[in-house]
Structure formats: C-alpha cells, structure tokens
Amino acid sequence: MSADWGRLIYVMGPSGAGKDSLLGFVRERIGSQVMFAHRYITRPVSEGENHVALTHDEFAARLASGVFSMHWQSHGLHYGIGVEIDAWLARGLMVIVNGSREHAPAALERYPHTQFVHIHANPAVLAARLERRGREDSQQMEARLARRPALVLPHEAQITTIDNSGLLADAGEQLLAAINQPLKLAL
C-alpha cells in the first residue's frame, strides 16, 4: 500500500445507537475531502437514514456483477458498500463507511489500515430510539435489541468507542476527534 493511500473509517454499532445521526453531524462539519460511502440496502429509504434502496433481485444482480467491496446480511436485509471506495482510497481520500460489527473482521482483512469506531448507547436509549423511528414491529425491535455480536478484532486494530447515550453534539465531537486523529500503523 503506497504512502498516499487513503484512510477508511469504519463506523459500527447496534441498531438505535445513532450512527446515521452522528454521520450527519460529521458530514455538516467536515471538509469536502472526506467521502461518505453510500450503503445499498434491501429496504425502502426512511427518514434519518442515508442509503440506496434496492430490491432483493437488484442487490443479487449487483453482487453477481462484483460492484460491492463489502456486503453482509443482518435482520433479513442485505447491505452493500460499493467498489467506488477502492478508487477513492487509491486517490488518497478519507472514506467513512457505516458498517456492521459482524463484518468488521472481513473489512480489516480487505483494508488492513482501517480505523474502527464503535458507537453504542445504553439499552434504554436504544429501545427508545428504535420505538421512535418506527421502522420495525415489536418482534423485530426485540431481535435488534437482543443482537449482540462479538466484536472480534486483532489487538493491533485501531478502535475508538463512543457512548451516544447523551447529547448528539457530545458524541458528534468525539467522532470528529476520532476521525481527525492520526492513523497508528502497526510496524
């Protein structure tokens, strides 16, 4: 990997942690040199979430065509990140991805210098946010709240943890600080 290779910031956390809100906060305050990767999801677009909605057939066709750099399944949905991030990284740009905790090891394998940011919030806050957004029925909400995949990354992986149980601005400033910190490369 050349010295001018870009930087991948991989944001992850449970449903309701406020990842999309925090990414919106950062987008309003960070320079245009940062690229925010679109997520392709087999779910209709809803308020507060930035993604490209695809049918299952559209997703399968894109997957078969090799246009995803990363993809995973969760809660009966398919998620993908487009291969355009490879071109952005090759041009030395910083790329921010809204990813999956379960997919983090695969992301690290493909992008060895990934900087991970784990967003979390206390369970009562998660439940209230899921209820407020109204995207899932009660069984789906319970399944999302019960899901606690192990975050298994090697000890040398760079990871920042942010509690978003309080004010968005507080967690947003922490996320900005994490994004702006120098990448620590393992020797």
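Cβ coordinates come from backbone N, Cα and C, glycine included.
Quick caveat, the model's predicted, so the values are computed rather than measured.
Per TrEMBL, the features are:
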BINDING   Gly13, Pro14, Ser15, Gly16, Ala17, Gly18, Lys19, Asp20  ATP binding site
DOMAIN    5-183  domain 'Guanylate kinase/L-type calcium channel beta subunit'
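Shown on the structure are the features that TrEMBL records.
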{"residue": "Gly13", "record": "ATP binding site", "Cβ contacts under 8 Å, 6 or more apart": "Lys19, Arg101, His118, Ile119, His120, Ala121, Asn164"}
{"residue": "Ala17", "record": "ATP binding site", "Cβ contacts under 8 Å, 6 or more apart": "Ile119, His120, Ala121, Leu126, Arg129, Asn164"}
{"residue": "Gly18", "record": "ATP binding site", "Cβ contacts under 8 Å, 6 or more apart": "Ile119, Ala121, Arg129, Asn164, Leu168, Ala171"}
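Sitting within 8 Å of the Cβ centre of Gly13, Pro14, Ser15, Gly16, Ala17, Gly18, Lys19, Asp20, and not among those site residues for ATP, are the Cβ atoms of Ile119, Ala121, Leu126, Arg129, Asn164.
Summarising the environment of Asp20 (ATP binding site), the number of other Cβ atoms within 10 Å of its Cβ, over all protein chains shown, is 18. In this structure, Ala17 (ATP binding site) belongs to neither helix nor strand by DSSP; it is coil.
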